[in-house]
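Engineer: Got a structure here, written out as structure tokens. Questions coming.
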Amino acid sequence: MKALWAVLLATLLTGCLSEGEPEVTEQLSWQSDQPWEQALNRFWDYLRWVQTLSDQVQEELQNSQVTQELTVLMEDTMTEVKAYKKELEEQLGPVAEETRARLAKEVQAAQARLGADMEDLRNRLAQYRNEVHTMLGQSTEELRSRLSSHLRKMRKRLMRDAEDLQKRLAVYKAGAREGAERGVSAIRERLGPLVEQGRQRTANLGAGVAQPLRDRAQALGDRLRGRLEEVGNQARDRLEEMREHMEEVRSKMEEQTQQIRLQAEIFQARLKGWFEPLVEDMQRQLANLVEKIQASTNSVLSTSVPQENQ
């Protein structure tokens, strides 16, 4: 009977401990391909560390360092989201205005929800810091428990809204990629039947009247084909501009990397220039000291030998 009670007690204690531990194993369910996703992952990782409520977290919460770090990560994330959204807007091309407005509205709403979640989190941590300061040395275990529960709920909400924003941006991106193709296809679908009708009418006319009409139909067909080719060329030019823009960005990043490498080499050379004279001076002093010791030793030995002979 005692053994049974011991097993039950251990089970209850294990359940209580598991309920009190913060859930810090959640991961965002996508690859961090875009800069805004990478920035959000940095925010997410920092929040996971805050949720542990370790002694270091408690200390940094009380001196507002945590809220400052979260503010920087929030601003970085939202800046990257805005930049990515602007880039997609420029790539939409010939898309219907109502489609453009609808996609932009959906992305804007998802972006606003994610920003509100981050702001709510920062305000809650600031509130916790103020509450701890008012406790005046009393136990803050209840405050930590409430904060831990609130952080778990906010992490779930953040994950939900972040994934929703990612899906909205994916739809936006698909619209940007397919916009030009849809525009060219729509023009071809509208003009194709007209060209075919002109050919059929020309074939049905008599030999005496058909030739002028055939010539006009041919000219019309040529103009239509020229227009289609022009639209296609514009779409290709737009894609080429996008590729050139990406290449320019990559080139700038390589240039910045090279500048950082050169600065590091310059700094290394400066350090070497600073310390080499010190090392050489120490070597000279050490050599002089060794010479003095050797001279003193030789002097002592030379004076002791005659005394032994006497």
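Just so it is clear, glycine is given a Cβ too, placed from its N, Cα and C backbone atoms.
Quick caveat, the model's predicted, so the values are computed rather than measured.
According to Swiss-Prot:
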type	residues	note
REGION	72-247	region '8 X 22 AA approximate tandem repeats'
REPEAT	94-115	repeat '2'
REPEAT	138-159	repeat '4'
REGION	150-160	region 'LDL receptor binding'
REGION	150-160	region 'LDL and other lipoprotein receptors binding'
REPEAT	160-181	repeat '5'
REPEAT	182-203	repeat '6'
REGION	202-282	region 'Lipid-binding and lipoprotein association'
REPEAT	204-225	repeat '7'
REPEAT	226-247	repeat '8'
REGION	258-310	region 'Homooligomerization'
REGION	270-282	region 'Specificity for association with VLDL'
Engineer: Within the repeat '4' (138-159), count helix residues (DSSP H, G, I), strand residues (E, B) and coil residues, in that order.
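Structural biologist: Breakdown, helix to coil: 19 helix, 0 strand, 3 coil.
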Engineer: Summarise the repeat '2' (94-115) as counts of helix, strand and coil residues per DSSP.
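Structural biologist: Its residues divide into 19 helix, 0 strand, 3 coil.
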